[in-house]
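*Asks:* Take a look at the following structure, please.
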Amino acid sequence: MSLALNSRQLPPCSQLLHASSTTSSPSETTTPSAAGVAPEVTLTESATPSTSHHNSSINRRGKTQESNEPILFDDLANRDSEQGPRPSEDDDLERGVQEITVAMNEPNGSLAGLTTDEAITKLIDLAIEVLDKYHTPATNMQHFVKYITSVPSITSIIAILGLLIFYVYGTLNASPRQFRLTGTIVEIAILATIFIWNAFIHRRDLQLRGREVKDRVRGVILELETIRVQPGQELKIPSIPSVSTVRVIRSGIVRTLPSNLIVKGDLVEMVYGDAAPCNILCTLSKHGVESTSQTLHPQHHHHHRHSHSRRSSPTREFFLSRREIFQPSLFGNPPSEVWQKRHHELRGRYTFEVLETPLEQILHTALDPTPRPNSLIQKQLLVISRIIFFKVVMAIALLALVINLLRYVLKEVLQLNHPSQGPEQLLALPIYAVLPLLPLSLPTLLQFSKAFTNATILVLFNTLQISKTEYEDEKDVDEFDVEAPPPTKNVDIARKEVWKRFWRLLTRWGNSGQDFDDGLTRSTNLVESLGGITVICSIDKEGTIATAFPAVEQLLVAKEDEDTVVLDVLEDDLSPNGLRFEDKDWESYIQSLKPIGLNQLLNTNCSTLSAVRRRESHRKCNTLHYHCKTRAAQQTCLCRLGKEIGFTSEALRPFTLQKEIFCYHPYVPMPPMTFGKLTTFEIPTMISTIYHEGAGDGYMVLTDGHVECVVECCTEYWDGTGLQDLNDAMLKKISDFYQTAVVNDLQCVAYAYRPLAIEKGPQPLDFNSSANGFITLPLRVLPETDNKVDPQSSDSGHLSSQGHDEIEEDPIPVTMQRSGQGRKMDLSSLPDPVNIVIHIGGDSDVEDEEQDIGASVEDQGVSTAKIDTGPLQRWRRLREMDLAQAENEEEGSEEHLDSTLQVDSQEFIEEAIQGQIFLGMTTLAHQPKTNVCDFIEDLGLAGIRFVYFSPASERESKAFADRLGLETDWNSCILLSSASDPFGASTGYLESYDIKAQLPRGIENIRPHLEAVDDIPLHVSLFAECGPEAATEMIKIFQDYGEVVCCIGSSLNINNTAAFAKADISVGMEPIKMNSSPESRSAFSLGAKINSLPCGLTMHSETSLYALTQVVREARRLLNSQRQGVVFMIASFMSVSLLLLISYCFLLPPAMTGYQILWVMWVIVPLLILSYFFSPHEPDTMTMMPSKNMSPLRDLPRFIYYFLARFILPTGISLHIYDGQEGYHFLFNSFGNGTPWLQWSVNEQWALLYAQNYTMIIWVWYMVWMSSTFMSRALSLRSFQPWKNRTWIGACIVCLALQFVFCAVSLFRGPHKVNDVPWWLFVISFLWPIVFIPIQEVVKARDLKECIRAQKLAKLEFNTKLGMHSPL
């Protein structure tokens, strides 16, 4: 049989594309026919025998003719262990992870790596060791001493001692026995118990706060024990920066694991383009390269500051530091020919030794004892406590002491001669006046409120992630209103689950963090942080705020007259294939689209022939990325686009896969590495497949891959009607489109095609489809020209030629020139095709027919004087070199070597990928996830700034930010990379207005800019060229300037832990779907837990970000309820102190006893304020600007004014009733008329007790009404109806009932009856709220005006971007 080439006479691509049997457009459906591929082939001429190394005989992957499902071949025992690389764990297969037992590359098994048990044991030992370093136990005495030395504790101790002195003195001097002395000893016992209880709560809270993360680490240690027997998890997404994985050799098996699960001593596989997970070391001896050769001396690459080689005779070692990119220049620039040969034999997979355990640094970061910033409400409570204790309490205590001192001296001593009144009036009465202001019940109330609010948030968050309902706007909200609050999901929270979680959080002592569903409620101040968020920063893109799979945006094809057309493609859930063409006339280009669609369907191996239609994005099933890093675009299956073009399953059935060819171009000249290129670095690669078309009995090559790799293997292009030379004009259009796509954060995939026609001989063809072809394109030396190489093209100007070892020449029946054997072989691009007939497996004659192909490519109107950037210049010079080579070969074509060429040989596959026909390109981009853009817009309305920390360069970052809906004009982007960055720095800002604005460059210049220039960095939503350290530092800067920062990022990114630990609240987002059930947990679920140790919440991959806004909405409601409850509590307690002070001024006994005050503080008021947590949402909850975490109490004078205005009437009427004037004195009888207090009769004591209890009932009645006005700070009772809170109504009824019971028990044996009090007194007392409730509304209306004014100023400050040098 023979191979024939005659593309000039009959374009085979045209025959394929015009065959109506191959595809069916949406408008017309056709059936497949036998005329699929023309029997033509394009083979290249070669100057010398092939210098690429032979493909190993290892069986990696094959395809059955009945199905496109990939299969694994297990006949590994028969392969040569010295030539074949280790097969990796195939986590691409849909049926799960396969473990492949491999033979060692060394006879003694030195590359077997650690066993799983050894590695897990090392991880556990390390975790325990690090955990012990942070074990700083504090004794009970230390906690107790710290507690009793605080001002509230000292005040409580003084109160207990004062009452104790009064009790002892009164017991010794009272006659008859005074009832209130019994109450005093009860008060002392209660105060002592409260003091001990608060000390216990303080100690418990400190311990639980410090143990949360530690308990999580202990939970990870326990789970590490179970992971020993658990399989790995299948990765169904492309390789993306937000998922840190590494291929580890464990017991001779290559496993894909999270980077944080490797240990010191592990052996990991690295390919060009991978980032080092930690400090790793490569030894040449492990790859069979002797270090004695002088050619192995490495030339250090310019951007690797930390890369170095160290001599350890007789081997040479190469070191990669953490996050450093593994590039070919590590082994020399260019690498030696011996190393390039070994690279081919290793198939690009190098073995490195791990020098450190990443888990250690992660644990140190997560366990850092440095606390997060206190929340705003904590700061407010701290300021209030200081004001109360150092101002209010001292003022009231001094005022009460002065009043009672004057009364005691002027009346009791000088007038009545009763010096025995001293201890009671000078000790007990001032203590009663300050007792309501002591934080006796506050710690317990905070524990209850935090447990309930945290339980509510956690249950709501879990419910939102489980619920399948959609997020919808409220019924009374116009969805087109630009100021409408974000939509919510109507879910019913299981109250039983809330109370269950509440009890667990309230009573838990140990293991507070092992259940990740419980969050870090204490160390992160969960509710306070969520409710006070002012900045939400995203430190990842793919899999978090953007899709893990890039989506097709554009498709470029050529048309007539050397022009191109770009067709837009949109994702559309309503389309049968999940996407559609946006252009209405796209079908007019169907002839150009057909070969691309066929390529996308046949080059995917994703069961395209199955009846199931896949509408979602999915991954290609190939192992290309195991040998060299490829970006997500080349790993994403585009079969949906092929089907949208019109192909059906029946049109694909005649095609049978014969062979897969992986082609790599690691030595192509690349621009210098900069910080913005770290995450986008890749080696040009492409995959070619040889298919047999059964109906036409022909063969063809379909190729897709990196643009630079594909274009260099093409000599012609298809314009929809015929084949055209790939001239300068078309190369420039391809280059311009490619470079424009790159700077706009797009990824490109190019497509090519080549028909192969094989004339059958007596023997059947055997392509050895079970063995994938592996080709490494060699380094090509460009001739010197007048046009100098662009400095940005780095290596191409000084690359030296490489040679290869002499290999035995196989007979190759192609046109060769004897005199050119010393010339470098051309594998990257070829001259125009000529007619060659090659016989395979037979003895037929060889017929050579040559055609004149012309001398050179004519100029197509493209200026060559201008220095081109990107790949265009190299393509042009390669094209010129190829044409010159073709002319030389024509002149010396008199000598030929004729023989046979086997189709399973390395030479055949090297020739098969050359001389292809360029078909077109697609651009793909990671699109924002569903609702992300609306989510960001709604955050702005809620006063929350969304900030994206992008590792990419400025233009790529702005392109993605534009998709997110962020502003990308002036003062919108700040570069955080430094000019002295070890990875290299970009030239700086690109836009003139950014340069004129004098924006800071580098994270080290942000603080000086804020202090000396303006606050623009606090208003920017985009930070480009940002590494993990810069993001962490910027979060700290935000916090130092009063921002409450929520950090969202991938829980599988090993670089995110520091930012998670620094932010006020962090949300770890799963970029892939995790197996979270206990029976199916995998290594990736454990790795996600380790990275998200400091995270307060974890979010599933399919959860919408609107879940976060709904949780923030609920947290704001709970936080407002808590704040209003604290305000009401302080105001009500101050009213008690005011009531007592006024009673002292009127020379009366205290209006309430100590135990009555404690009853109010521990029962009545707590019931009322805890009911606030069940209040409905205020309509403007998510349109209010949150307060910054600074200046916690700027309006304290206004609070005092409002307090007096709102509480003076209820307090005054309560005192008026207690005074008993104007006919009400019967409650007192002859009380106070010259009788010493310690000598009151029983009747006088009952009179006082009746007066105090009746006053207490009236006060509680007023507080119940007052509580309705405190449920909302500024909204009136008409706008915010408190009776919708049924829990509050129940609390009011319970409070009144309990108060009546309390008074009934106190007066059970009293001499008076209720009907002794006139009925009109009850009427006046209980109808008095009608008088003071309108005053509450007036005060709130005034407060509302102040709030509106403050909100306008806050929104103006939030939305402004004007700086000192901003354009007008």
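Every residue gets a Cβ built from N, Cα and C, even glycine.
Annotations for this protein, taken from TrEMBL, read as follows:
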REGION    1-70  region 'Disordered'
COMPBIAS  20-33  compositional bias 'Low complexity'
COMPBIAS  43-59  compositional bias 'Polar residues'
REGION    75-94  region 'Disordered'
TRANSMEM  147-169  transmembrane segment
TRANSMEM  181-201  transmembrane segment
REGION    292-313  region 'Disordered'
COMPBIAS  298-313  compositional bias 'Basic residues'
TRANSMEM  381-406  transmembrane segment
TRANSMEM  426-446  transmembrane segment
REGION    785-828  region 'Disordered'
COMPBIAS  790-802  compositional bias 'Polar residues'
TRANSMEM  1126-1149  transmembrane segment
DOMAIN    1150-1341  domain 'Cation-transporting P-type ATPase C-terminal'
TRANSMEM  1155-1175  transmembrane segment
TRANSMEM  1196-1218  transmembrane segment
TRANSMEM  1246-1266  transmembrane segment
TRANSMEM  1287-1307  transmembrane segment
TRANSMEM  1319-1339  transmembrane segment
*Asks:* So if I exclude everything within five residues of the ends of the transmembrane segment (1196-1218), which remaining residues of that chain have a CB under 8 angstroms from its CBs? That is, six or more out.
*Replies:* 387, 1127, 1131, 1134-1135, 1138-1139, 1142-1143, 1146, 1148, 1151, 1224, 1251-1252, 1254-1255, 1258-1259, 1262-1263, 1266, 1269, 1321, 1325, 1328, 1331-1332, 1335-1336, 1339, 1343, 1346
*Asks:* Which range wins on Cβ pairs under 8 Å with the transmembrane segment (1126-1149): 147-169, 181-201, 381-406, 1246-1266, 1287-1307?
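*Replies:* Going through each listed stretch, the top one turns out to be 381-406.
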*Asks:* So, do the transmembrane segment (1319-1339) and the transmembrane segment (1246-1266) meet, by the test of 3 or more Cβ pairs under 8 Å (sequence gap 6 or more)?
*Replies:* yes
*Asks:* Determine which recorded stretch among 147-169, 181-201, 1246-1266, 1287-1307 has the most C-beta pairs below 8 angstroms with the transmembrane segment (381-406).
*Replies:* 147-169
*Asks:* For the domain 'Cation-transporting P-type ATPase C-terminal' (1150-1341), what is the mean per-residue pLDDT, to the nearest integer?
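*Replies:* Mean per-residue confidence for the domain 'Cation-transporting P-type ATPase C-terminal' (1150-1341): 85 out of 100.
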*Asks:* Taking a Cβ cut-off under 8 Å, which residues six or more beyond the ends of the transmembrane segment (1287-1307) line up next to it in the same chain?
*Replies:* 1159, 1163-1164, 1167-1168, 1170-1175, 1249-1250, 1253-1254, 1256-1257, 1260-1261, 1264, 1267-1268, 1271
